[in-house]
Amino acid sequence: MLSFKAVLCAVLLAVYTNAAPAPASSAPTDASSTVVFSTASSAVSSAFSATPSTVLASSASATTPTGSGIPGAAHHSSSSTSVASTGSGSPSATSSAAPAWETVAPASDDPNYVLWDEDSTTDPQGVRDTYGASIMGPQNVPIALQNPDLLAPPTTDEGSVQNAKWPFALSHNRLQTGGWARQQNVDVMPIAKSMAGVNMRLEVGAVRELHWHKTVEWSYVTKGSVQVSAINSDGQNFLGTAHAGDLWYFPAGVPHSLQATADDPDGAEFLLVFNDGAFSEDSTFLLTDWLAHVPKEVLAKNFKVNMSAFDHIPSKQLYIFPAATPSDDDEPVSDPQGQVPSPFIFPLSKMKATGLEGGSVKVVDSTTFPVSTEIAVAEVTVEPGAIRELHWHPTQDEWTYYLSGEGRVTLFASSSNARTFNYQAGDVGFVPASFGHYVENTGNTTLHFLEIFNTDRFQDISLAQWLALTPPELVKAHLDLDDATLASLSKTKKTVVGPSDSS
């Protein structure tokens, strides 16, 4: 049972809290102090003549606002004014609401520049300004140099965001006679649930054998040239060559092959992207693998030949294997059904880039490459000191591949969650749909990368354009920007913003 002293303390606290005057421009006079003291004295006298249960009930009633569902909640008026007693005994109203821009402290001006890069000779430490401390134990210095914003993150980073970087250099490589292949999927980067990638290399003449996938296949050739062949479900065939900087696309289930030409003496290398984060290059449908698992009498019946015709088929899959170099003037096999109505190759290398103040961009989606109904791409360059502007993609994830240069990206995941990642050539990045982000060139050379989306149409929303096309007084109420800054906001999308005088 509660002691009487505890009950008495509760009464005194409730009375003083309820009776104390709100802050005013002048201190309370002796008269107002007398009123409070008298009220408290009366409450104490009543408490001595009451039972503990009665006192508790009274204190709860005195401290609970009308209509409140919280027992014992401290009383606060819903109005922005409060009443205070004056020396004359008459109440006066005083405003307690702060100006809108004072309700939250201004953001810090502390710089958050990249502290080092992979070519630095510094000893990387987990220190930024007055935060952190040196590393006392062992560390992998080359990896720390490549990821300065993980070891010493900007003070603007907060909360938690899943890892959004995967270097192909860390992927297991499948070595074959004639080439190799390495992949990234959710096994190594769980955040990338909607897309996966493969980096493949073929020597001159080497073939990625006839096969098909449950997903679409999209490709960007990084070096050399690749001859591709395919047929669609209507029996229409296709043969063509994709050169460095070009694309190809195969819808799900369309059988095809890839073979490096002799345009480059080293053969070819290319990037493959699939619209399923769980995709595995080791789980494709291969011609040799299938026939090795069909009884030969069934093969003979299907093709209407003797079983001996299949005496030399491989006993297991070939995957990648050497073959005779294809000719530059090869023609597709004569086809009574004709050629595919829309080519599976797009000559991106010949497409003129849109020049921007700090770089360039090329966009290819189904409006320019009709067969590519599930993958769109923006090929972007950002010059030193420039930035791919703050933006987001409304409904589609972004799978990013860095071709050259150095950059950093901060992902804003809402709810005060933000994390910064650094990227180099050969790295894969990922940005979930609607996550705010930018891509900053942090090096001394051109930053060149691909933004890839599992959609038929490229879309993004520019932060600067949004603010410029919003009523200025509304923007000012949020950010307290001056008129000159508001007037400088671009009403057209910049995509890449050039270096400023301050940078």
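A Cβ is built for glycine as well, from the same backbone N, Cα and C atoms used for every other residue.
Some features that TrEMBL has for this protein:
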{"type": "SIGNAL", "residues": "1-19", "note": "signal peptide"}
{"type": "COMPBIAS", "residues": "59-100", "note": "compositional bias 'Low complexity'"}
{"type": "BINDING", "residues": "HIS211, HIS213, GLU217, HIS256", "note": "Mn(2+) 1 binding site"}
{"type": "BINDING", "residues": "HIS391, HIS393, GLU398, HIS437", "note": "Mn(2+) 2 binding site"}
{"type": "ACT_SITE", "residues": "GLU451", "note": "active site, proton donor"}
Of the binding-site residues listed as HIS213, GLU217, HIS256, the one whose CA lies nearest the CA of HIS437 (Mn(2+) 2 binding site): GLU217
Alpha-carbon distance [GLU398 (Mn(2+) 2 binding site); HIS213 (Mn(2+) 1 binding site)] in Å: 21
Non-site residues, in chain order, whose CB comes within 8 A of the mean position of the CB atoms of HIS211, HIS213, GLU217, HIS256 at Mn(2+) 1: TRP212, PHE250, VAL254, PRO255, THR284
Binding-site residues compared (HIS256, HIS393, HIS437) - highest count of Cβ atoms within 10 Å: HIS437
Cα proximity to GLU398 (Mn(2+) 2 binding site), best match among recorded positions HIS211, GLU217, HIS256, GLU451: GLU451
HIS211 (Mn(2+) 1 binding site): tally of other CB atoms within 10 A of its CB: 19
By Cα-Cα distance, the member of recorded positions HIS211, GLU217, GLU451 nearest HIS393 (Mn(2+) 2 binding site): GLU451
Cα separation, the residue listed as 'active site, proton donor' to HIS256 (Mn(2+) 1 binding site) (Å, whole number): 25
GLU451 (active site, proton donor) versus binding-site residues HIS211, GLU217, HIS391 - nearest by Cα: HIS391
Nearest-integer angstrom distance between the alpha carbons (Cα) of GLU217 (Mn(2+) 1 binding site) and HIS391 (Mn(2+) 2 binding site): 27
